[in-house]
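Read through the structure below, which is laid out as structure tokens, and then see the notes.
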Amino acid sequence: MSATSKHALGFRVIAECSKTKGRTGVLSLPHADVETPVFMPVGTQGTLKGLLPDQLEKLNCHLILGNTYHLGMRPGPEVLEKAGGLHNFMNWKKALLTDSGGFQMVSLLELSEVNEEGVKFVSPYDEREILLSPEKSIEIQNAIGADIIMQLDDVVSSTVSGPRVEEAMHRTIRWLDRCIKSHQKPQKQNIFPIVQGGLDSELRKKCVEELVKRDVPGFAIGGLSGGEAKDMFWSMVHITTDFLPPKKPRYLMGVGFAVDLVVCCALGCDMFDCVFPTRTARFGCALVDSGQINLKNRIFAEDFRPIDEQCTCTTCKRYHRAYLHSIVTKETVACHLVTVHNIAYQMSLMKSIRDSIKSDKFPVFVQEFMLKVYPKKDYPKWVTDALAAVNINLQ
Amino acid sequence: MFTFGSLLILRRKYLRKQLLARTMKFSVLQQGPDESRLGNLSELWKDSEKIGDFQTPLCLLYSRAGSIPHLTNEVLQYLNKPIIPVVFPLPSIVGLIEPAKKYGHGIGKFVGLEEYPVYISVQDPVEPAPSGYNDKSGISVWSTGGRVRLNVDQFMAAVESFRPAFYQVLCDSDTPQDSSRKRLTHSVERSLVHLDKCLEKHLRSDKLKNTAVFGSVVGGFSPDARKKSAMQTVLRPVDGFVIDGFHWNNSDLGLLNTFEQMLPILKETVTLLPSDKPRVLHGVLPPDMILEAIKCGIDLFDASYAFAVTERGGALMVPVSIGNSPGNILIKDGLKPLNSHFKYEIDLKNEIYREDFSPILEGCACYTCRQFSKAYIHHLLNTSEMLAFVLLMLHNLHNFLSFFSIIRELISKGELDKLQF
Ligand SMILES: [Zn+2]
Ligand SMILES: [Zn+2]
């Protein structure tokens with residue numbers, strides 16, 4: 001399959017941008033070959049917001065994310081094991097990635113407590129106390145059977161600083177070793193470690209140095225996109241990708257806004273996930289190059305244009321804004337229609353990025369894209385700074 | 001009410017229009033047991049294109065707010081059934097009258113269902129319409145935004161902007177079982193006045209020249225009122241009949257009881273209608289009641305039953321192939337009817353399906369059964385995921401429509417009597 005053949009993953013960089021750190025490649029996974037940079041929609045509970053798996057495939061979406069915390073609760077690892085894994089259970093033929101469950105616990109559950117053993121929490125379903133240890137996380141992820149699985153990490157909010165951040169970084173490394181040790185299916189499932197270290201470049205560097213000592217198929221960048229200042233966000237991404245080995249895929253967790261995606265591709269990230277495009281669809285918000293439009297707005301009541309005239313998705317080919325306006329937030333059909341469009345938007349954005357890198361026109365693409373988003377050229381400072389750091393001048 | 005003279009004028013106009021225009025055609029192909037019949041509905045007009053043939057007894061697709069519930073047009077194609085006319089209940093699209101008028105291509109294209117012939121019904125077979133809001137000048141329909149009053153002019157303006165292939169004329173069908181004699185008389189007489197006024201406008205409308213119009217036979221549960229309504233309505237130049245005003249909506253669990261009282265009245269009413277025109281009966285009707293209504297001579301129904309079952313997390317188990325014992329209801333382990341009229345479904349929310357990896361109905365050719373298990377749908381219902389309703393709607397619609405195919409096949413073979421529940 002590739003240079004890292006002892007893993008169930010191959011990563012081949014096809015083209016690199018001559019100016020930025022952007023690159024495009026193919027990630028070969030047991031269930032699909034996935035072109036990078038890739039956006040992975042989030043299908044939390046073994047389904048993606050009412051879409052048929054077939055619809056996702058038609059949208060050229062070949063890698064989606066499932067949440068270990070939710071799937072571990074319902075239907076639970078026993079059912080998934082008996083079903084022959086999540087692929088079989090939900091009838092998804094392409095690739096899957098699961099998170100470790102840790103992030104969800106810390107963010108969703110007030111009662112969680114973290115110690116060296118793992119994350120302790122009280123089940124919201126039956127109020128039992130449950131311990132999610134690194135071993136338990138991997139056990140559930142083995143039952144789910146995703147192509148890529150995540151180590152359990154010690155998640156600290158990106159707005160926290162001080163010794164807790166360093167403790168979490170060291171614990172994350174210790175937990176990685178426990179995860180790798182308990183991983184039952186390394187020939188079928190690829191485990192990614194998670195780079196932690198908060199907003200401290202020294203800690204991030206130290207963390208990467210430790211992680212690369214382990215034989216892992218790829219890396220995730222965690223602990224960002226959690227409300228920290230944008231200039232801290234991009235500089236941490238920038239530093240981390242500088243330290244990471246170039247031949248392995250880099251997954252930037254929790255990033256999915258169009259501007260962030262374009263900037264972080266320029267900073268050398270390959271994989272992204274975010275609930276935003278599908279979550280916002282539920283509220284009638286459709287993604288367009290200028291940002292998003294809220295179809296609930298009365299100005300669309302007699303607007304007979306599709307969401308985006310350029311878009312080739314099944315929603316834009318058949319439905320106009322006026323009808324969508326009349327059903328958004330009321331009918332499930334509206335949610336499905338906007339979700340299809342929003343996923344198509346994300347997929348098409350990533351394809352444009354890949355194509356422009358292949359033809360070495362990525363810097364021009366970035367400039368044109370930013371001009372569409374900010375037609376008055378009122379670029380946020382962090383965007384200008386981040387792009388300048390990789391030799392793209394927006395002025 | 002109109003005089004006999006004005007009725008003659010109306011009829012003359014209608015005949016002239018019949019000569020010039022092209023509207024829906026209906027013919028009875030074969031008579032079955034009792035009053036049941038195999039029919040053919042053709043030349044449903046959609047803009048300048050005609051669609052047909054549709055064999056009856058036929059189940060029309062049920063829509064709300066312009067869409068088949070839970071199914072986008074893309075997903076509706078996974079149903080893998082030929083195009084069928086769609087019922088658009090007026091209450092659920094009343095908010096679209098203005099935008100559809102500006103749009104100018106009819107409601108079907110407006111909502112992304114342009115390939116499907118449109119039929120507009122006055123009330124929603126699923127949503128209860130509160131009683132006591134109709135008067136001389138018009139009726140009330142209840143949309144998500146609340147009550148909307150419609151008089152004849154507003155109703156006909158709506159029909160012109162929606163441009164259906166056929167529609168039910170404005171009527172006062174507010175006749176619950178305990179209606180007073182006065183209420184029944186109002187229902188019958190006002191409906192006839194509305195009908196005549198609508199027909200006046202209809203026959204003058206250029207936009208509706210290819211549109212077929214269905215009169216409503218009302219009169220609640222009173223045989224006398226029904227008789228009067230039927231005998232007067234058949235005198236009018238209409239293309240078909242809707243037997244309305246049985247108030248299924250308000251009688252959820254008493255449906256069976258209501259149905260038994262309704263049946264002789266329905267039977268009686270239909271005998272007063274000409275046999276060469278189609279008859280519609282709306283309502284959330286399970287298979288056994290559909291069969292009874294077909295034996296009374298009803299030709300067209302709607303799929304609101306499949307929707308109602310879907311909404312409660314049920315999966316229909318009506319046998320879909322004619323084997324050695326046609327009509328033999330599959331009672332499998334776990335088929336736990338909640339009460340007598342949930343007997344055709346299983347409740348997929350039930351814990352017993354947690355690890356049941358078999359399809360809903362063995363041998364079912366629908367997309368859901370070919371691709372997904374009961375355990376998966378149970379999980380989706382358990383986690384309130386929207387895909388549960390997409391998959392259930394695909395199966396339930398497929399199953400319900402297949403039930404109608406079986407009925408047609410049995411009538412054509414002269415074997416409908418073999419189907420028993
Ligand atoms: Zn689109
Ligand atoms: Zn089925």
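Residue positions begin at 1 at the first shown residue.
The backbone N, Cα and C atoms fix where each Cβ goes, glycine too.
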Of the residue ranges A:3-7, A:113-117, A:213-217, A:278-282, the one that TrEMBL records as region 'RNA binding': A:278-282
Annotated stretch (region 'RNA binding', per TrEMBL) among the listed ranges A:37-43, A:219-225, A:254-260, A:366-372: A:254-260
Further binder of Zn(2+) named by TrEMBL next to A:Cys311, A:Cys313, A:Cys316, taken from the candidates A:His325, A:His336, A:His341: A:His341
Residues that sit under 8 angstroms from A:Gly223 (substrate binding site) by C-beta distance, when 6+ apart in the chain: A:Asp153, A:Val155, A:Val156, A:Ser158, A:Ile194, A:Val195, A:Gln196, A:Gly197, A:Gly198
Arithmetic mean of per-residue pLDDT over the region 'RNA binding' (A:254-260): 97
Candidate with the highest Cβ count within 10 Å, taken from the binding-site residues A:Ser100, A:Gln196: A:Ser100
Candidate nearest A:His341 (Zn(2+) binding site) in space, where candidates are the recorded positions A:Ser100, A:Gly102, A:Asp273 and distance is Cα-Cα: A:Asp273
Of A:Ser100, A:Gly102, A:Gln196, A:Cys311, binding-site residues neighbouring ligand 1, Cβ under 6 A: A:Cys311
Taking residues A:Asp99, A:Ser100, A:Gly101, A:Gly102, A:Phe103, A:Asp153, A:Gln196, A:Gly223, which bind substrate in the record, the widest Cα spacing (Å, whole number): 16
Residues among the recorded positions A:Gly101, A:Gly102, A:Phe103, A:Asp153, A:Asp273 that border ligand 2 - Cβ under 6 angstroms, in sequence order: none
Neighbourhood of A:Cys316 (Zn(2+) binding site) by C-beta distance under 8 A, where only residues 6 or more apart in the same chain count: A:Pro306, A:Ile307, A:Asp308, A:Glu309, A:His341, A:Ala344
Cα-to-Cα gap, A:Cys311 (Zn(2+) binding site) vs A:Asp273 (active site, nucleophile), nearest whole Å: 22
